[in-house]
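If you look up TrEMBL, you'll see 31-50, 62-83, 95-116, 136-154, 200-218, 224-243 marked as transmembrane segment. Sequence annotations record features per position, and here TrEMBL assigns domain 'Cation efflux protein transmembrane' to 34-254. Residues annotated as region 'Disordered' in TrEMBL: 370-390.
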Amino acid sequence: GTIHLFRKSQRSLVGKLTHEFRLVAADRRSWKILLFGAINLICIGFLLMWCSSTNSIALTAYTYLTIFDLFSLVTCLISYWVMMKKPSPVYSFGFERFEVLAVFASTVLAQLGALFILKESAERFLEQPEIHTGRLLVGTFVALFFNLFTMLSIRNKPFAYVSEAASTSWLQEHVADLSRSICGIIPGLSSIFLPRMNPFVLIDIAGALALCITYMLIEINNYFAVDTASAIAIALMTFGTMYPMSVYSGKVLLQTTPPHVIGQLDKLLREVSTLDGVLEVRNEHFWTLGFGTLAGSVHVRIRRDANEQMVLAHVTNRLYTLVSTLTVQIFKDDWIRPTLSSVPIANNILNLSDHHVIPMPSLKAADNLNPVTSTPAKPSSPPPEFSFNTPGKNVSPVILLNTQTRPYGLGFNHGSAPYSSVLNQGFGIPGMGATQGFRTGFTNVPSRYGTNTRGQPRP
């Protein structure tokens with residue numbers, strides 16, 4: 001083949017993004033999303049101009065929901081891109097976490113916008129400007145129509161899953177309580193309001209209702225402070241709606257186990273531990289890879305006579321019903337029994353000299369020793385109550401001869417010395433040598449079982 005002396009330069013970040021965008025744009029399903037994205041940008045431009053002309057911060061807060069719709073469209077494009085991409089050596093589990101990251105970033109940015117509205121509203125309470133209602137109602141209905149049309153026309157898989165899996169917001173709970181009361185009077189509305197409404201549709205309708213109330217109060221009484229109050233209400237509803245979604249997507253990014261599947265996982269692991277040949281299931285770890293995708297790894301210890309492939313098939317079959325991406329490591333119970341070495345020990349092992357000099361510890365000054373107990377005596381302490389006739393530490397090193405051997409042939413010898421000689425010389429230290437034997441080093445111990453010290457049989 002052709003040898004290239006110089007490697008091709010890597011693409012820049014802009015080049016990589018352009019390449020991936022072309023890959024997504026080649027799919028016809030993404031054309032609809034791109035069209036809605038272009039209309040969204042035009043709508044945002046008009047809304048921002050009307051916010052500036054009306055001087056309404058409530059309309060600005062409602063416009064941020066339209067900007068959030070743009071983020072949701074980008075998330076939908078990322079979801080299509082994830083379905084086109086295949087796992088790579090760098091991303092061995094695929095690219096599903098990119099859409100989780102997109103949902104987390106979109107909800108966090110929406111909350112940051114709500115905090116910005118709260119900060120501006122607090123400043124407006126000190127000095128309330130005049131609000132012009134010329135285009136306030138027009139901008140409200142334009143934003144409401146476009147938001148609802150975008151949410152209902154495009155199937156956004158990531159946000160649809162998060163809105164159902166995440167916990168309910170306080171706005172949903174209050175509306176659910178109100179819906180139960182209404183459905184008790186008109187049962188036919190239960191299919192619309194129960195069990196809980198779509199949070200995005202709910203916040204669009206609630207924000208538009210707040211702007212309509214603002215328009216009427218300003219037109220009737222010139223009560224401009226209601227615009228600031230409506231902005232605070234829309235910001236709080238936005239923050240309360242996006243916060244549960246941020247928490248849920250954040251837990252997915254932290255690779256936590258979903259609480260609703262912990263009981264099912266424990267049941268499956270107990271079933272796996274009772275399979276034929278399985279001794280132990282350990283080091284199990286399960287986490288959420290993407291929205292609706294659970295990954296996990298587990299170590300299974302089996303018997304030495306068990307079939308690895310059969311156990312692997314049974315374990316995978318049990319766990320695959322819940323865990324789509326599973327890694328199972330099988331290892332046998334291959335423990336090694338301790339064996340005694342039959343190789344004879346060489347003669348030069350632990351071969352010490354026939355004469356071993358044992359150094360004794362250094363002595364302190366003689367004037368600090370008590371001649372009776374050979375321990376340091378304190379001038380103020382009373383005389384010892386008991387004293388023993390022991391040689392103490394004030395002795396010179398002892399040189400012992402190697403006369404006897406130690407059993408088991410390890411080259412250690414035991415020397416026997418009379419007790420009187422021990423008292424005269426200091427310590428009776430056994431000698432050490434290189435000879436091997438199987439008799440003990442004590443001369444007065446009988447050499448046959450069942451005899452006394454004189455070699456006579458026991459009665």
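Placement of Cβ uses the backbone N, Cα and C atoms for every residue, glycine included.
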Best-contacting stretch, by C-beta pairs under 8 Å, relative to the transmembrane segment (136-154) and drawn from 31-50, 62-83, 95-116, 200-218, 224-243: 200-218
Top partner of the transmembrane segment (224-243) among 31-50, 62-83, 95-116, 200-218 - counted as Cβ pairs under 8 Å: 200-218
Residues of the parent chain within Cβ reach of the transmembrane segment (62-83), under 8 Å, 6 or more residues beyond its termini: 20, 23-24, 27, 29-30, 33-34, 36-37, 40-41, 43-44, 47-48, 51, 94-96, 98-99, 102-103, 105-106, 109-110, 113-114, 117, 139-140, 143, 146-147, 150-151, 154, 156-159, 203-204, 207-208, 211, 234, 238
Cβ-Cβ under 8 Å with the transmembrane segment (95-116): same-chain residues at least 6 beyond its ends: 61, 64-65, 67-68, 71-72, 74-75, 78-79, 81-82, 85, 87, 158-159, 162, 235-236, 238-239, 242-243, 245-246, 249-250, 252-253, 289-291, 293
